[in-house]
Amino acid sequence: MLSFLKLLTLIAACAIFLLFAYTTTAYSLAQDAELASGMTMINETSSLANISHSRSVRQALGAGADDTTDDTDDVDPRDPRTDDDPTECSQGLVLPLWMPQKNITWGDRAIRGFVYFILMIYLFVGVSIISDRFMAAIEAITSTERTVTIKQPNGEKQTVRVRVWNETVANLTLMALGSSAPEIMLSVIEIYAKNFESGDLGPGTIVGSAAYNLFVIIALCMIAIPTGESRRIKHLRVFTVTAIFSVFAYIWLWAILAVISPGVIEVWEGIVTFLLFPVTVIWAYIAEKRLLVYKYLDKNYRVNKRGTVISGERDAVEMDTEKGRHGSVPMDADAAAFEEARREYIQVLTELRQKYPEADLEQLEMMAQEQIISRGSKSRAFYRVQATRKMIGSGNLMRKIQERAHSDLNEVKAQLNRDDDSDDEDQPTRIYFEPGHYTVMENCGEFEVRVVRRGDISKYSSVEFETQDGTATAGGDYIGRKGVLTFPPGVDEQRFKIEIIDDDIFEEDECFYIRLFNPSENVTLVVPQVATVMILDDDHAGIFAFSDSVQEISESVGIYELPVMRYSGARGTVIVPYWTEDDTAKAGKDFEPVQGELTFEDNATEQFISVPILEESSYEKDVTFKVHLGEPRLAPGDELLAQIQEVEKKKIEDLDELERILLLSKPKNGELSTVRIRIRESKEFRATVDKLVAKANVSAVLGTSSWKEQFKDALTVVPADESEFDNEDETEEEIPGCFDYISHFVCLFWKVLFAFVPPTDLCGGYITFCVSIIVIGLVTAVIGDAASYFGCALGIKDSVTAICFVALGTSIPDTFASLIAAKQDDTADNSIGNVTGSNAVNVYLGIGLAWSIASIYHMSNGNTFNVEPGTIGFAVALFCALAMIAFGIMMYRRNSKKIGAELGGPKSKWVHGSVLISLWILYLIISTLEAYHVFKI
């Protein structure tokens, strides 16, 4: 793709060439006019018949007078020249007129034309910068989100954030308004400046801009795609509707100018022109949503096994958006969009984990957020702002994306922590045991019981407790106790001790209970409000088992410590073998396999098996594996083992009661000797993903939060991001180049001036929107005056100035925006798909609004609003004819088997692009020749 600097140079060269050509033409016409004027003054002293001869000479020399008209008929009442002297310019609306205006040499006119030309370029830069702020406000408005609760195919409910504005409606209303604001404002302001009479500058700019957009922008985007790649319009129905309405807009202009009421714009015609704007938006929305007739289009019909004709599936792309991950289960469009974004985030995170295995999860999450924001769906406003900032040396959006990703991650982590902390604070005061189960040895002496208070702990609380017998009895197995626990303000736990009585009699494990009761006012007892205490007999080797048959863990646990319990005795040193077994979870993928032996020392009641869990950062995960316990055995050399071996040498009938009990004290496995470990996704990771996906909104990169940020951006030179988000491995900070500094200082006045515009974070961007549109109007008024003075100084008509210069200047930012979108997007919608919609909006809003105001004004004064159909009507008819050729080329490229897309493709793209450029040049030449009456329609 051509670099922006080369493209700017090319466009500037073309503009200078056109300026030189028109200057030469104007000079020739001026010389002819002076000659004709001299001949007229000589013949004025003769007779009245010589005056008629003078008219014939002037007509032959190109003055353009008809045989039946006076000399003053050549002067256009809308031209900024005075009636007394056709070469003298009249005062504009805002910009002061360069005096003097009489007796000016051609050299002075050339200098003035050059100065006005440079001023126009500088004003175009200014209107581009304020349009940057305007588009950022539009992006903030159209990215407004609402909370939606969706139901997953598995029945689970989830809350997501979705955009309020429909994409098509946003593109055809606010986005198109932002892109075309200078042209629209110029048309409306010109009507006011000319006392509600029609002019050529506003309508000419709109028609010229439409021609440039359709021919040049599409051609450049077509060529800019690297060879072998292509871009295809995704929303073809919407593009078709806007293409039809864009052509119809100009046909409608021709009809009301030349057919319905020639030369007169009636009130109803102006209002209908304006109302066609909402009609276009509504019809495009209907096409996108497949409402009305569209639901019957693009369906494949087939005959089922019963011979019944049924409708088949639509395009796979559209069906994917209407179905969830679970096959044919239908999913809401908002849910499908959120699910798609979430899957993309997980995919990016997985790729980054493989690429940077040493990075921690938080770093990977931030990198993934950067890529999701940069890869995410971007609006036309994003590319327009990015293009403008590239031109003025004002912005590396990648840097803002990095800052945004970092702040998003920090905000999400802080919010999750706040949520955890606030869960307790928002609830009433609760008191309970923690833990609710205690296992103690018979010979432990005493143990400590913990009671906690949660919720509001700012007040005084109290609760009573007492022990209750189970299989263990107070006085025989433990010392019973009763008392009151007090919690002063700020204290969240209290502890007390229970004494256990030891004996030398072998017996089964026993238990007793501790109960909480009689809490103070505003205190609630919650489970566990009764603690269970298990007393293990220390005269038996013990029974070994897991506490539960199923253990559920998070994949982010790292190393899971699986507890193995020893109960019904804790005498002697016992060795217990263990090993893991695959199930749906696979060793090496979901966990590291382990195998070994646990050693329980004398009186030890618990040991842990360490199982490394491998984290995949999965959003949804549910796999299991097993851990088995082998047959336990007493360790060699243990005293109890020696006693048992001695007793085993005797015959069973010779054993006494104590020896029989001793044999029963050998270690063995309990019922739960196998546990199933269930690995689920990390809840924190899942919550982080949901919140980061919801925050992955590129509009936040465009907006500003404070005036301080705006002035800092205005005064800082930032290198243009030439990588355009593609170079992920680039870590070195870029240094601004020479072109960046030149652009910055040239645009510094505008950047500082427009930094006073309110930031987009105020009132959701609406204040920025209103202030920006007012400033655009003011700058556009100056552009209109400068363009008129420019044409007047060099003898160029307003219609030619509008089509060749003003239209080009207002469309340069759109050119860069489309080129960036063509390279970065996977589709052609943002690069050329919005061209037709913008062209239609230009006519319906720019001309429709201006002519409606003027016609109503004249009707209220008893007059008619007259519009000369000549130049405008010809330009409209010419544009429609050439537009049909352009659309034919695009249809051919899309339906061609070799190309199959509107943009890019094989080398034939150069041929098609050249044809489109030639159509634009042809349009300029024919429109200019017609404006100078070289030929007439």
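Heads up, residue numbers simply count up from 1 along the chain you see.
Note that Cβ sites are derived from N, Cα and C of the backbone, with glycine treated the same way.
Taken from TrEMBL, the feature region 'Disordered' covers 61-88. Per TrEMBL, compositional bias 'Basic and acidic residues' is recorded for 75-84. Per TrEMBL, transmembrane segment is recorded for 110-130, 169-193, 205-226, 238-261, 267-286, 766-787, 799-820, 841-860, 872-892, 913-935. According to TrEMBL, the domain 'Calx-beta' annotation covers 418-517, 531-630.
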Contact call for the transmembrane segment (267-286) against the transmembrane segment (238-261), three or more Cβ pairs under 8 Å: yes
Residues of the domain 'Calx-beta' (418-517) by DSSP state, where helix covers H, G and I: 8 helix, 52 strand, 40 coil
Closest-packing stretch to the transmembrane segment (110-130), where packing means Cβ pairs under 8 Å, from 205-226, 238-261, 799-820, 841-860, 913-935: 799-820
Selection from 169-193, 799-820, 841-860, the stretch that has most Cβ pairs under 8 A to the transmembrane segment (238-261): 841-860
Among the ranges 205-226, 872-892, 913-935, the one whose Cβ pairs under 8 Å to the transmembrane segment (841-860) are most numerous: 205-226
Feature contact check the transmembrane segment (205-226) with the transmembrane segment (872-892), CB under 8 Å, 3 or more pairs: yes
Feature contact check the transmembrane segment (913-935) with the transmembrane segment (766-787), CB under 8 Å, 3 or more pairs: no
Tally of residues which DSSP labels helix, strand or coil - the domain 'Calx-beta' (531-630): 3 helix, 57 strand, 40 coil
Rounded mean pLDDT for the residues that make up the domain 'Calx-beta' (418-517): 82
Tertiary contacts of the transmembrane segment (799-820), as residues 6+ beyond its ends and Cβ separation under 8 Å: 1-2, 4, 7, 11, 15, 18, 22, 117, 120-121, 124, 127-128, 131, 179, 182-183, 186, 200-209, 211-213, 216-217, 220-221, 224, 380, 383-384, 386-388, 390-391, 724, 783, 787-788, 790-791, 830-832, 835, 838, 871-872, 875, 924, 927-928, 931-932
